[in-house]
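Feature annotations, reproduced from TrEMBL:
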type	residues	note
DOMAIN	4-129	domain '1-deoxy-D-xylulose 5-phosphate reductoisomerase N-terminal'
BINDING	THR10, GLY11, SER12, ILE13, GLY36, ASN38, ASN121, GLU123, GLY202	NADPH binding site
BINDING	LYS122, SER148, GLU149, SER173, HIS196, SER209, ASN214, LYS215, GLU218	1-deoxy-D-xylulose 5-phosphate binding site
DOMAIN	143-226	domain '1-deoxy-D-xylulose 5-phosphate reductoisomerase C-terminal'
BINDING	ASP147, GLU149, GLU218	Mn(2+) binding site
DOMAIN	259-379	domain 'DXP reductoisomerase C-terminal'
Amino acid sequence: MKRISILGSTGSIGQNTIDLVRRDPAAFQVVALTGGQNIDQLARDAKELKAEVAVTADDARLDDLRTALKGTKIEAAAGAEALIEAAQRPAHWVMSAIVGSAGLRPGLAALEQGATLALANKESLVAAGPLVMKTARTNGARILPVDSEHSAIFQALRGEDSAAVTRIIITASGGAFRDWPLEDLERATPEQAATHPNWDMGQRITIDSASMFNKALEMIEAREFFGFAPNQIEVLIHPESLVHAMVAYCDGGIIAHVGPHDMRHAIGHAMYWPERYPLPVEQLNLAAVGQLNFHEPDLRRYPVLRLAREVMDERGFSGAIFNAAKERALDHFIAGHIGFCDMCDIVEEVLARLSSEDSLNSAGFTLETVLEADQLARARADDVVKERTR
Ligand code: NAD
Ligand code: MG
């Protein structure tokens, strides 16, 4: 039996992971489940899967969790340190599916104990790629990508010589506003941005798909995970979202990964790797699909793709700043303080202001300094929002 933990088990990726665990109960023993505010879900899943420990990120909800787990042997815990302790419990496989940079420290803790980390939390690679990859190397731990595009690249690279790769092409659906007139974008509401044409995902990543921040994060994630140069990483709009990524080789061959709109494919691939295992996802009928379309992204519609290139070239703290400023800009957009198009401007402004920050320029790249950059970027993003809405 594989001992597994699911960090962020109450979210969209977490629930899809649990769905697969539930279908193959003899294969997995659940160590830790972690969530946020959704105590009922967390407790229900912990009981059903007989987890050893359930953790809520919110200290104030510990009593609620204890009450919900009364009469069971499941331990209840709360808070940021408890999340890390849960990730440190010996396990073969840990799903990293917390949203945002809050997933960084628990993910590192899982790698430090040598667990295989199934990485959905792209923000940790964007903010601290070199640190995450080094932690995996020094602890002999493996990271398996769960983001569908990166799982696709991983699959298209299997058995190949990565020195023969010339380009990798990540596809993007184009999000909720793909076909909107450009001049309407600034009036787009959070509700409109939170509807995805093809995928059913958490609210934040769905809005990030409409703004293309999600694809920007994925370009940086691909650079950090696979080590390709920024100019080898391309994005194509592909409205059908069936080709998730392609790897182009020096002999002209391009290997494309085609799969259904169902995260259980990428999650299951990481769960059973290096084997292939039957998964409860649609077997695509390409004759019924008929057509696959691809076109270049328009940088006027998706200006953040340009910023992503700058971050990939710059590296250092720019990934942490980019991600944290994006998280705050997204908070402000959801709260109705700023418009849809302001998000990219705010992140660009924060990157510019922090590029001359002495405390960062002289600092080494450690977990502490990455977290400092993250906090600074959040504070600067709030400043910029205040100045703009004054
Ligand atoms: P979600 O919002 O549905 O779930 C997030 C989970 O994290 C929940 O369990 C929540 O309780 C927990 N959480 C939130 N804030 C937290 C905090 N501060 N501390 C600890 N836990 C916290 O998100 P999701 O869509 O499942 O995405 C999870 C991660 O996977 C993200 O990094 C996202 O980019 C990535 N991802 C998601 C999808 C998808 O289809 N949903 C696809 C690819 C990658
Ligand atoms: Mg993705």
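Here the Cβ of each residue, glycine as well, is placed from N, Cα and C on the backbone.
Note that the structure is a prediction, hence the values are computed from the model and not measured.
On the structure: features taken from TrEMBL.
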residue: THR10; record: NADPH binding site; Cβ contacts under 8 Å, 6 or more apart: GLY35, GLY36, ASN38, GLN41, LEU42, ASP45
residue: SER12; record: NADPH binding site; Cβ contacts under 8 Å, 6 or more apart: ASP200, MET201, GLY202, ILE205, MET263
residue: LYS122; record: 1-deoxy-D-xylulose 5-phosphate binding site; Cβ contacts under 8 Å, 6 or more apart: ASP147, HIS150, LEU217, GLU218, GLU221
residue: GLU149; record: 1-deoxy-D-xylulose 5-phosphate binding site; Cβ contacts under 8 Å, 6 or more apart: ILE170, THR171, GLU218, ALA222, HIS244, ALA245
residue: HIS196; record: 1-deoxy-D-xylulose 5-phosphate binding site; Cβ contacts under 8 Å, 6 or more apart: SER173, GLY175, ALA176, THR206, SER209, ALA210
residue: ASN214; record: 1-deoxy-D-xylulose 5-phosphate binding site; Cβ contacts under 8 Å, 6 or more apart: ALA172, GLY175, ILE205, ASP208
Exercise. Give the number of CB atoms, excluding that of GLY202 (NADPH binding site) itself, located within 10 Å of its CB.
Key: 16
Quiz item: When you measure from each Cβ to the nearest atom of ligand 1, which of the binding-site residues THR10, ASN121, LYS122, GLU149, ASN214 fall under 6 angstroms?
Solution: THR10, ASN121, LYS122
Exercise. Might you list, by sequence position, any residue in that chain lying six or more from ASN121 (NADPH binding site) with a Cβ less than 8 Å away from its Cβ?
Key: LEU7, GLY8, SER96, ALA97, ILE98, VAL99, GLY100, GLY103, LEU104, GLY107
Quiz prompt | Listed binding-site residues adjacent to ligand 2, that is, members of GLY36, GLU149, GLY202 whose C-beta is under 6 A away | solution = GLU149
Quiz item: In DSSP terms, helix, strand or coil for GLY202 (NADPH binding site)?
Solution: coil
Quiz item: According to DSSP, which of helix, strand or coil covers GLU218 (1-deoxy-D-xylulose 5-phosphate binding site)?
Solution: helix
Quiz prompt | DSSP-derived class (H/G/I helix, E/B strand, else coil) of GLU149 (1-deoxy-D-xylulose 5-phosphate binding site) | solution = helix
Practice problem: Return one of helix, strand or coil for ASN121 (NADPH binding site), based on DSSP. | Solution: coil
Quiz item: Taking the mean position of the Cβ atoms of ASP147, GLU149, GLU218 as the Mn(2+) site, which residues outside that list, in the same chain, have a Cβ no more than 8 Å away, listed in sequence order?
Solution: LYS122, PRO145, SER148, HIS150, ILE170, ASN214, LYS215, LEU217, GLU221, ALA222, HIS244, ALA245
